[in-house]
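First comes the structure, then the notes that go with it.
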């Protein structure tokens, strides 16, 4: 009787997954873990406790099953000790992925490594993972000689052939073979690590977040070497498998009927109470590729699957891999929802739909809506002039593309790759090159042209990727590194490619008010964000206005807004931040006067100002508002930057918008009713849509409310009113995190964010602001900690390559804002569904008052020319107690034309002064030297929370009394009493009477090294400037200390103030200190004032012969 042919199954089909929860103690007490690389074995399961089934969710694994992964982390190749460490690292529930041992994969690690597999296969990848884990604890050996740059004992252990044979015969080598005539082998790792060896657990868990220097490189020689036993055994078929514990083959037969049971989610609970279509989520296709780098799949306590993006520290319900397989809405079946959509059944609002990707809500079913639009706008007939080209049909298969494929390699410059892209709004839309920027890398390469479809980036097919995903891929490539791209030529640009909304898409997106703009964003400046203009959400799209965490106004349809904005033509203004680089002859452009300010007259050398265009109006230079400066003043501001400085320039491009071209929110109800044509007369206005997912129904899994309360109670229970707390996650760049830390000089002094370094990580992120109070660093509260302790926490974060900051930001009231918010108070949500009172559009308040910086520069024989008034009584929460009481005619404050009586001052030189006393503020301004930066909120924008009647509107501003007279008390100003003081109205104080600054500065004591203290100075009285750190010597005491940075101002040297002293005197003070020097430093911005003097005359290293 002939035996029926059976289909051989890969061991992958036998992999099973289970969840371990409710243990309470050590999970290893429930399931014994045996094996380990030190024994030449995979980790595998040993004895099990009798009650193990009560703690397992899913199928209970058997004794002897090979352990492959723990919570998605591969443990093959780890030692027994490290495997236990990985298991104990995770909180419950713990997911275990195991496989029954067979002929290919079993306990024998040496056997598996000896097999040859096809490159790119599952087994080949698993072998590489095993080697990566082995190299954390062991070092491969070879009989060849060391090559240039290789370090014995680090890259390889270089041994003789005799030694190698001895190791092989003793069974110490897990794998061995020959490559290029030399022997290579991988020894077993020791059971216990070297006491000086780093703990590899974090590298195993978050491999991509560590520097490549700390990871052992994969050895090509070991991967490609010829092994003595490399024949691949056939895996046994399903029907031949032996019965376990007396069970028959029926179970196996059942497993065979259900494909890929190992890949199903465990447990199979409903993912949500809503009707979100998770059919594609519950079964994982074997052909589905692995999760993107630094992504992880996890379970909630209820067993629901969610995904963690370790790149951004965010979570989502959406499987990022399924985005590529998403169908267009019109192609979905009845009852099916497009990728990223969710159906909500709400008892008050009825049924509505949430688009988690675009973060919008609507009442219409998106599938039915798309099919209805498709029927109303059928495909053009053959006789239509604008016939759709045959080759424009979208595909995710590169082999199906119509056109010529081309390959190119571009080197990333400081301005990116030199081309802009468009598309990727929908899953079925190509991403195409829109423009090739002149003189950029793409233009110099000469291969890329507008319309080219981006097919592949560094080996990753991006057909079907979203615009944001591709932009992020380009952003992750470091400057001066290359990108390899495959493009397809033969597809026309879309018809709306000249749409101004679509035109602001760049490979390196423009930065608008600190936020990067991406495809589909509507670009508007702060001038448009006033009363009556549609508010834009955090992505620049029209939506619900949020003030102090509350929702006001309806959600407008994004597509309608896109159409209305696009109809405004090319005159739509846009604010764009362009990074400039100062060359030997300047920035490469000329400016001229215009009614709107200084505008670009011509481009002289575009390599220093790429992206700048003729006619651009300059708004800010390095975050300094220059709109009201004269032509000469703007030229002087640009001249102060040294050659090689990178300067962000904020420009206004395009003409001012016509009032008829900007969609307004009518304050008059009758106007509003008349402007909505779709509503019949007498029909009530529809209720505003519920919260979008980013406000009420988060697109991320929520923690248990009690858990959130417990975690936050200790830190935030004394949170002051009118403040908001936010978390900011930053990744470290080469220059650090991009901000300075102030405060912490005393136990009661708070820690604040100081200067935001231009083009640094914090500025690129855009969420952190100067004067934010620092609450936590990576979950560690900093209240009561010293400045040094905070720096130590930041140093530890720098070692990890990222930091999570919790900051507290003061919220300042605008006119009538509090009353409006009280009228529109929103009840709390019930059962996860939002509740929203019916409100009229006219009730939308203005945005919180916009603060702006004013930089004042004075001469030695004059003061800054303004008087600060401070409230004697403690004002209500949200009111800034310091305001301008007088501006002296002809003074720097008067000449700048930006300060007026009544303006509130919230910060000085980036340091919040809201909680400071008047004397401290005056001293802070005195110690600023000849330049001070004030953060101002205009008087008409800041009125504080209203209370009954506001007498400030009925009473004139108090006149400042002449010097020498009694300081009066004004009881009519905002109903508070104020005292007026002169702040720097007269000449600068002599050096002897100048007091050391205690707020915002920090002391640093250095011991002289063999070559001095390791820093150089610039400035002094003879150069009409203060003293600044110019350079830091490599391996010098200053750079080793870690607190001194280029651009920091020296306030004191050995307890002697530097106000008004010469450069020579500063050197003498340092010499007088002997082997030590004590410096009091004020954090700078990283830039050093340059008054066009020769650098050699402004700086000198402090060397031993000078001391």
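Cβ coordinates come from backbone N, Cα and C, glycine included.
Among the residue ranges 941-975, 976-1010, 1011-1045, the one that Swiss-Prot annotates as region 'Disordered' is 941-975.
Residue ranges 374-398, 399-423, 424-448 are listed, and Swiss-Prot annotates 374-398 among them as region 'Disordered'. The local packing around residue 121 (ATP binding site), expressed as other Cβ atoms within 10 Å of its Cβ over all shown chains, amounts to 11. Here the domain 'WW 2' (335-368) has, by DSSP, the following mix of helix, strand and coil residues: 3 helix, 15 strand, 16 coil. Mapped onto DSSP helix, strand and coil, the domain 'PDZ 5' (853-940) counts 13 helix, 31 strand, 44 coil.
Of all the Cβ atoms in the protein chains shown, 13 others lie within 10 Å of the Cβ of residue 122 (ATP binding site). Note on the domain 'PDZ 3' (577-653): DSSP counts are 9 helix, 31 strand, 37 coil.
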